[in-house]
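As recorded in TrEMBL, the features of this protein are as follows:
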DOMAIN    4-69  domain 'Golgi pH regulator conserved'
DOMAIN    139-280  domain 'Abscisic acid G-protein coupled receptor-like'
TRANSMEM  12-31  transmembrane segment
TRANSMEM  150-172  transmembrane segment
TRANSMEM  205-230  transmembrane segment
TRANSMEM  242-262  transmembrane segment
Amino acid sequence: GILSIEQLISRVGVIGVTLMALLSGFGAVNCPYTYMSYFLRNVTDADILALERRLLQTMDMIVSKKKRIAVAHRTMFQRGEVHNKPSGFWGMIKSVTTSVPGSENLSLIQQEVDALEELSRQLFLETADLHATKERIEYSKTFQGKYFNFLGYFFSIYCVWKIFMATINIVFDRVGKTDPVTRGIEITVNYLGIQFDVKFWSQHISFILVGIIIVTSIRGLLITLTKFFYAISSSKSSNVIVLLLAQIMVSGMYFVSSVLLIRMSMPPEYRTIITEVLGEL
């Protein structure tokens, strides 16, 4: 029926899996770009100092031109041009066609100030980006940075492998019979030729892996949602954000989708139990 558990989970799962796919795609690109030293550009102190010097020169030029505008306005005020300025159409024509000797072209100077202020904003953003890159370079030299760098390479290869296998499974309509942990342990044991209880250890390692996936997935979801809310939050949108978050979490969309996807990371006997609970999806 339309109100059966299979129908409800299947519809919730479609939206949830799509949401997880978007978040995973973002994470698959953002995480290696953030932590892998391969994507870090070489930034030196000389580059930062040169850019900061350009920023200071631009600020000095802005201050100088604004000072010229202020002096010109004061001169016009002292001459009485501000109070005695003619109004109306003919007054506007007269102000355009006539000019006071020695007066500044204020409109041209203001355009130059606007251009310099835009340039200063871009230089400031670029300077902040260089400082952030320099901090990432320093962080990559630490033990934790090297550890995250290794994980970046490992999970990049793992991500490419998962995309390749998922494409093959979709094209040939295949369903995996062995979870990745068991398959990896079997390949390692056969390659090294050692005695190892594959069935016993694959269960424990699979459950540990599933727990890590659940914790990191929920943590990644909350971090991403927090950044998104900070970006769009305002006094008028706060209620909408709260309602959206409640709809996502209360409906169990993310949890159900995680269970559906984590099924493939578990041994077949436990995978069957989850399938029986969720129904024939």
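Glycine is no exception: its Cβ is also placed from the backbone N, Cα and C atoms.
Automated prediction, rather than curation, is the source of TrEMBL annotations.
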Helix, strand and coil residues within the domain 'Golgi pH regulator conserved' (4-69) as assigned by DSSP: 59 helix, 0 strand, 7 coil
Mean of pLDDT values spanning the domain 'Abscisic acid G-protein coupled receptor-like' (139-280): 74
